[in-house]
Amino acid sequence: MIRSSDDHGDSGQFRDRRGRRIPVESGTRPTPRRNRALASSERVDSSGSEFHRRRKMLQGIGAIIVVVLIARLGWVQLVAGPDLAARAQSQRTIEVVDPARRGTITDRDGASLAFTLEARSLTAHPSSLRAHLEEAHQLWPDEYPTYEERLKDIAEALPTMLDMPDLDAEKERDGRRRQAEDKPEEEGIRETPGGISSTEILDKLRDEESTYEVLVRNVDPDKAAAVVERFPELVSERQDIRQYPNGAVGANVIGKIGMDGVGQFGFEASRDATLQGVNGGRTVDIAANGIAIPGSTRDQHPPIDGTDYELTIDADMQYFVQQQVQQAKDNSGAKEASAVVLDAKTGEILAMAQSDTANPNRDIGREVEDGRNIGNTPVSTPFEPGSVAKIITAAGAIEDGVTTPDEVITVPGSIHMSDVTVADAWQHGPEPFTTTGIFGKSSNVGTLMLADRLGPDRFAELLHDFGMGQSTGVELPGESAGLVPQRPQWSGGTFANLPIGQGMAMSLLQMTGVYQAIANDGVRIPPRIIKSTTTPDGTVVTAERPESVEVVSPETARTVRDMFQSVLQSDPTGRQSGTAAGDGIEGYQLTGKTGTAQKVDPDTGRYSNSKYHITFAGIAPADDPRFVIGIMLDEPVRGVHGQGGQSAGPLFSDIAAWALNRYNVPPASREEGTLLLQP
């Protein structure tokens, strides 16, 4: 548009290039072409710069994303890569354990005391069952049942396939029978040995929160294989069965393993590491369905079976001794009874029994609830031995020459030592006794008179030499070293108690070991329970003989054995009778010593006048020792055969007679004369 020459006079009028007027509203004017071009250019420039700005922003964001991705990729490759690779590998590989066979335990003649049977446990992974089973049903609906149908098939088939009674079916039949007989239903399910519950199995399979469930234990390997072939979603895991063919017999020595295969108590616990052996294993790749990929096995190493042990125990003797100990406990009304039998020449343990022993083939928790003992009292429980320990004083007095067997000593009714007065168990005035008679009659006063000749220092040496206050080193858990005051801690009253078996404590095994030294011509051999071992490669290794200690000379030991025959000696007049008169065995020479030790009353802290440990230790036969026998009864109220009196002598005699007969020990070649106890 161009403005006309008379535009000053004709306001509001504009003309085009041909001179035609263009009406314009008052107060407005058209934008000149140049100005419109400039405005249009400005608009183009403005929108272009906005576009460029946004493009640059997007390019920046893209660059940042690329940098982040590259950094993330680098982190994955360089930092987390090995860990992620390992985790991925672990999800498609499994470590398969090949269990080692646990070593067997036998007695000295090879009879099995503990052995392992190969068995299986059937297990499942309920948390993954639904996904696998439903996927299979969707793919092959005609061949695979639904998830719930499959679980029911498994639960119902297992009792039949495993030849085990179904407890639920038993209960249902029992209920129908009772209903027909019009009898009230008993509470609970009737126990069926070896039975399984299909309902319980179904409940375990349905528990989708559980990643692992044991359905059935102790399954025959062939039957387990048949189950897994029919139901591949189940797993057959090796879980061996430990068998104890003699039940409770010797269980305090042998012990038991738990469900985890680890020894719980006894020899099974003390030698667990070598009995277990070393498991083998292999690495296997698995497919998405959990099945092992053929040919993927690697890193395979075979298991190393456990060591086999031959114990010194005679299973037949153990059975007899344990039976006699239980009867003695029941007949006498004692709280507890125990016995140990040692080989006189070697210190080997032939039998070690206690009352109320638990049966390892049963549930140990229930056994303990029923009052059964899973400990080993002869090893772990020390007690004051009483007069049975007087043999230490006798051996020292003969060895040091401070007396002779026939020396006559006037013994008063009591003796005052330091601040303690000790009396005999029976009232009497000054009486003559031979040294043999002092021990045959079990005079406390006479024993202390002889101990005084030895002196406290020498007596302390004798206690140490006989093994008091020291562990025997037997290969069984829970052994007690006993308790003997150290010499610097002795008071005047200490030396008035120790020689008569009070004021110190020893285990039954230690007490029996004292008599083993006398039986073995003065040489003490620490007791042992292992006779030999057989390593996994078949090498038989005889157990080393423990280091022996010469306590007294052979002459002294033989003299003491002869003297202590007086304890079992009988005399019609009673004057030459010992404290265990009548407990001998016809045709055999026996030697031993009775003991009656007062127990400390926990309420008063003083010795009780009504609670005792009754003990006996003896040697059979005395002229050619073969067996050393120790007995302990805790608070008996009657004799071991139910008769009056509280002597443990009859139990010693019963065990000795059986052992002499079993090992065909001949009677004495000549009969000994009567020993003089009182002139």
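If you go along the chain as it appears here, the first residue is 1 and each next one adds 1.
Cβ coordinates come from backbone N, Cα and C, glycine included.
Caution: TrEMBL annotation is automatic and unverified by curators.
For 1-16, 168-190, 363-372, the entry in TrEMBL reads compositional bias 'Basic and acidic residues'. Annotation comment: TrEMBL describes 570-579 as compositional bias 'Polar residues'. Among the features that TrEMBL reports, region 'Disordered' is placed at 1-50, 164-201, 358-382, 570-603. Here TrEMBL flags 57-75 as transmembrane segment.
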Helix, strand and coil totals (DSSP H, G, I; E, B; other) for the compositional bias 'Polar residues' (570-579):
0 helix, 0 strand, 10 coil
List, by number or range, the same-chain residues at least 6 past the compositional bias 'Polar residues' (570-579) whose CB is under 8 A from its CB atoms?
387, 440-442, 594, 647, 649, 674-678
Can you tell me how the residues of the region 'Disordered' (358-382) break down into helix, strand and coil by DSSP?
10 helix, 1 strand, 14 coil
